[in-house]
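TrEMBL annotations:
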ACT_SITE  His176  active site, proton acceptor
BINDING   11-16, Asp36, Arg41, Tyr66, 80-81, Asn96, Ser102, 119-121, Ser144  NAD(+) binding site
BINDING   Gln83, Arg89, Asn121, Pro122, Val123, Asp124, Asp149, Ser150, Ala151, Arg152, Thr231  substrate binding site
BINDING   Lys154, His169  beta-D-fructose 1,6-bisphosphate binding site
DOMAIN    6-143  domain 'Lactate/malate dehydrogenase N-terminal'
DOMAIN    146-312  domain 'Lactate/malate dehydrogenase C-terminal'
MOD_RES   Tyr222  phosphotyrosine
Amino acid sequence: MVNDRKVAIVGCGFVGSSSAFALMQSGLFSEMVLIDVDRDRAEGEALDISHGAPFASPMKIYAGDYKDAADAAIIVVTAGAAQKPGETRLDLVNKNVNIFKSIIPQIREVGFEGILLIVSNPVDVLTYAAIKMSGLPESRVIGSGTVLDSARLKDALGAHLGVDPRNVHAYIIGEHGDSELAVWSSANVSGVPLHDFCEMRGHFDHEASEKRIADEVKNAAYEIINKKHATYYGIAMSVKRLCTAIMRDEKHILPVSSLMVGEYGLEDIAISMPTIVGRNGVECRVPVSLDEDELAELHRSASALKDVIDQVDFNA
Ligand SMILES: NC(=O)c1ccc[n+]([C@@H]2O[C@H](COP(=O)([O-])OP(=O)(O)OC[C@H]3O[C@@H](n4cnc5c(N)ncnc54)[C@H](O)[C@@H]3O)[C@@H](O)[C@H]2O)c1
């Protein structure tokens, strides 16, 4: 039986503990299990985060193991090595696939029936790995994908245009990484096409602005890692947003990574697309229209990922 009041987090480093902190404040759950190979780390984070709960909503937060997570509604996986300065997300692949070979079978063994939310990088490859290793229906394995990148895009566009980023409708799709792309052709601000809105705000050099902003978004993680060695607050809020969409069955459209089954001619690959997310996980992908260049870029992104997937041994 799934306990809708329980969440578990595997990996209590920067990303796992920040996500736990954000979830504690959300009021979405009343029980949270923290799991890490470094048991002291999990215990320390559980204590520290618990001490904030009296200022939010009461919550039981403790370090546990996979048996404790068996009936969780969501398991968030943030375990694994993080990027070092200069390292790409794809460089991490073998290290983190091996870590997944120890984590995912344990989740499978306890008979987990909830939603598996993958955050560790390279997130698209690891989402694919989790689908293959967990035996869960593919709709219940979700990668955080380009949810964070799309938030960065909205933030940058909001600042550029002097408008609330929540009124900006724009997506980054494709790989969460170097080959990701911004879907400029359908971007809009509350229904007003992006270029019209830009001109209303006195910006006319669309090509240069789009290139600058897309580069800024793509390189945000590198810049943050160079300056403070890790990124975690933005992703923690993305995890909270995803858990909210799932637990409240919002059917919110978020650019998560999930298994493609022929959309845009892509299959047997996990990659980010705007997707309806609800209590059952991935409900369906939303076929946003792409112009010819965007479609070609998406295919380039998918083949970069496919090349990596083809080189990895996913057998546990
Ligand atoms: N998807 C995104 O948008 C996004 C954003 C930021 C970071 N990340 C990724 O999140 C991951 C974690 O980053 P971080 O900065 O928290 O790293 P970190 O090194 O601070 O934490 C990783 C944690 O995983 C634990 N761990 C390692 N192997 C484990 C295992 N087998 N079982 C359980 N726990 C294990 C470690 O003990 C450590 O506490 C990285 O892969 C990073 O690239 C993803």
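Cβ coordinates come from backbone N, Cα and C, glycine included.
Those TrEMBL annotations? Automatic predictions, nothing curated.
Small disclaimer: the values here were computed from a predicted structure and weren't measured.
DSSP gives Thr231 (substrate binding site) a coil state; it is part of no helix or strand.
A Cβ distance below 6 Å to any atom of ligand 1 is met, among the binding-site residues Phe14, Gly80, His169, by Phe14, Gly80. Within the group of binding-site residues (Gln83, Ser102, Asn121, Thr231), the Cβ with the highest number of other Cβ atoms inside 10 Å belongs to Asn121. Comparing CA positions across the binding-site residues Gly11, Gly80, Asn121, the one lying closest to Asp149 (substrate binding site) turns out to be Asn121. Cα of Phe14 (NAD(+) binding site) to Cα of Lys154 (beta-D-fructose 1,6-bisphosphate binding site): a distance of 24 Å. Here the domain 'Lactate/malate dehydrogenase N-terminal' (6-143) returns a mean pLDDT of 96 for the predicted model. Residue counts for the domain 'Lactate/malate dehydrogenase N-terminal' (6-143) under DSSP (helix as H, G, I; strand as E, B; rest coil) come to 67 helix, 27 strand, 44 coil. With a cut-off of 8 Å between CB atoms and residues at least 6 apart in sequence, the same chain places Ile35, Asp36, Val77, Thr78, Ala79, Gly80, Ser120 near Gly11 (NAD(+) binding site), listed in sequence order. The two recorded residues, Lys154 (beta-D-fructose 1,6-bisphosphate binding site) and the residue listed as 'active site, proton acceptor', have Cα atoms 16 Å apart.
For Thr231 (substrate binding site) paired with Asn121 (NAD(+) binding site), the C-alpha to C-alpha distance reads 12 Å.
Taking a C-beta cut-off of under 8 Å and a sequence gap of six or more, His169 (beta-D-fructose 1,6-bisphosphate binding site) has these contacts in its own chain: Ala187, Asn188, Val189, Ser190. Counting in whole angstrom, Ser102 (NAD(+) binding site) lies 17 from Val123 (substrate binding site) by their C-alpha atoms. The recorded positions recorded for this entry are Gln83, Ala151, Tyr222, and the Cα of Gln83 lies nearest to that of Asn121 (NAD(+) binding site).
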